[in-house]
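All remarks here apply to the structure that follows.
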Amino acid sequence: MERYSRASLLPLYRQVHWFSYINSVVIILLLVGLLALLYSRHLKSDIKKYSSANEEDREVGWKSIHGDVFKHPPNSSLLFAVVGTGTQLLILLCVILFLAFIGTLYPYNRGGLSNCLVFLFTLSSVFAGYSTASFHGKFAEDGWERCVGLAGILYIGPVFVTVSILNIIAISYRVTAGLPLGSILVILSLFVFVAIPLLAFGGLIGHRLRSKFQVPSATKRYPKEIQQLPWYRRTPFQMFIGGFVPFSAIVLQLHQVYASTWGYKIYTLPGILVATLITVVVIIMLVNIGLTYIQLSEEDHDWWWRSVLCGGSPAIFMFAYCIYFYARSTMSGFLQLSFFIGYNACICYAFFLIFGAISFRVSLLFVRHIYHNVKRE
C-alpha cells in the first residue's frame, strides 16, 4: 500500500493534483466574491427597503411571494425521501472515505470494498429513516410511513434492477463478473432482516423527535401565479449552470479516479478525495444560494424541487463524462459497455441524491434567513 501511495506522489501526479486544487480554489473565491457582491449590493438593500417601505411599495420582487415560498410543493413525500436518502448516502460516503484515510479500507481489494459497502449501507439505513421522518414531520403530521417507505426503495430499488440486469448479462457471457447465488441471498437477507427494520426504527425515532418548522410568514391558500420566464431563468438552464460550475472544479480529479478504477493508473490518496468532496460541496452550496436568490427575485416560488435538480446536476455531468471516458478508452464489446455504464449509473445516481439533498438543505436555510430578516406588521 505504501508503495502505491509513493507512486501516486510522482511529479506528474502531484502536478495534476495541484492544478486541480488551484482550479477549485479560484472557482470558490470567484463564487464567494459574487455572493458577497450579491448580498451587499442587492439582498441587504432589499431587506432594508422591504422592512421600511409601505405595504403598497414593498410587495415587489422576492418579498411579494413571502406567502408562497413555504407552501408544500407537489410530491412532497418524494422530496423528503430524496433528502433522507441523500443524507444516508452522504454519511456512508464520509465513513468510507474515513476508513480509506486511516488505511483500514484498501481501495484495490474489490471484494473487501464491496462487502464493506453492502454492510455499511445496511447499517446506515437508520439514518435514512430518521432524516426522512424528522424532515417530513417539520412540514406535515401524517404520511411519514409512506415517506420512509419511499426512502427505503429510492436508491436500492434502481440499483437492484441494474445489478440484476448486469448479472443476467454476465451469466449469458459465462464470466465471473456476476454475483453468485449465495451472495445474492446474503444481500437480500441483509436488506429484509436488517436494513428494513433499521429504516423503520430510524423513521419512528425521527417521527417522535420531530420539531415543527417555524415559517417566517403564513402561507397563502392559493399561490401566486408564476409569470412566463425567459429561457435563461428556467430549470434546464439553471441545472446546466448548477452542474457545470462544480463539475469544472473536479473534472481533473474525476479523470484520475476513472483512470484508476477502469484502467491501470494508481490512485491511493484518500486525503485528496476528501479535499475534493469538501470543495465540490462548498461550490454546490454557493452556486445554489445564488440560483435560488435569482429565482425568488423573479417572483418564482417553486424553488423546492429546483434546488434538488440544480444541486444534483453535477452528477449528470459526471455520467456524461464517464461516457466520454469510455469512448476514449480501449474498452469494447457489449459486456464491458454494460458493466461500465451500469456501475457508473449507480454511482452517479448516488451523487445526484447526495448533492441534491445538500443543495435543498442550504437553499431552505437561505430562504428562511432572508424572509426572517424582513420586518412584518
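Just so you know, glycine gets a Cβ as well, placed from its N, Cα and C.
As recorded in TrEMBL:
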- 20-39: transmembrane segment (TRANSMEM)
- 78-106: transmembrane segment (TRANSMEM)
- 112-135: transmembrane segment (TRANSMEM)
- 147-173: transmembrane segment (TRANSMEM)
- 179-205: transmembrane segment (TRANSMEM)
- 237-255: transmembrane segment (TRANSMEM)
- 267-291: transmembrane segment (TRANSMEM)
- 303-327: transmembrane segment (TRANSMEM)
- 339-367: transmembrane segment (TRANSMEM)
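Of the candidate ranges 78-106, 179-205, 237-255, 267-291, 339-367, 267-291 contributes the most Cβ pairs within a distance under 8 Å of the transmembrane segment (20-39). The list of residues near the transmembrane segment (339-367) in space but at least 6 beyond its ends in sequence, with Cβ under 8 angstroms from a Cβ of it, reads 69-70, 79, 82-87, 89-90, 93, 154-155, 158-159, 162-163, 165-166, 169-170, 177, 242, 246, 262, 280-281, 284-285, 288-289, 292-293, 296, 303-304, 307-316, 318-319, 322-323, 326, 331. When Cβ distances are compared across the two stretches, the transmembrane segment (303-327) makes no contact with the transmembrane segment (179-205), since fewer than 3 pairs at least 6 residues apart fall below 8 angstroms. Sequence-distant neighbours of the transmembrane segment (147-173) (same chain, 6+ residues past either end, Cβ-Cβ under 8 Å): 77-78, 80-82, 84-85, 88-89, 121, 125, 128-129, 132-133, 136, 179, 184, 191, 195-196, 199-200, 202-203, 334-335, 338-339, 342-343, 345-346, 349-350, 353. Sequence-distant contacts of the transmembrane segment (78-106) (same chain, at least 6 residues past either end, Cβ-Cβ under 8 Å): 1, 112-113, 116-117, 120-121, 124-125, 127-133, 135-136, 139, 147-148, 150-151, 154-155, 270-271, 273-274, 277, 304-305, 308, 350, 353-358, 360-361. Here the transmembrane segment (179-205) has Cβ contacts under 8 Å with residues 118-119, 121-123, 125-133, 144-145, 148, 151-152, 156, 163, 167 of the same chain, all six or more residues outside its ends.
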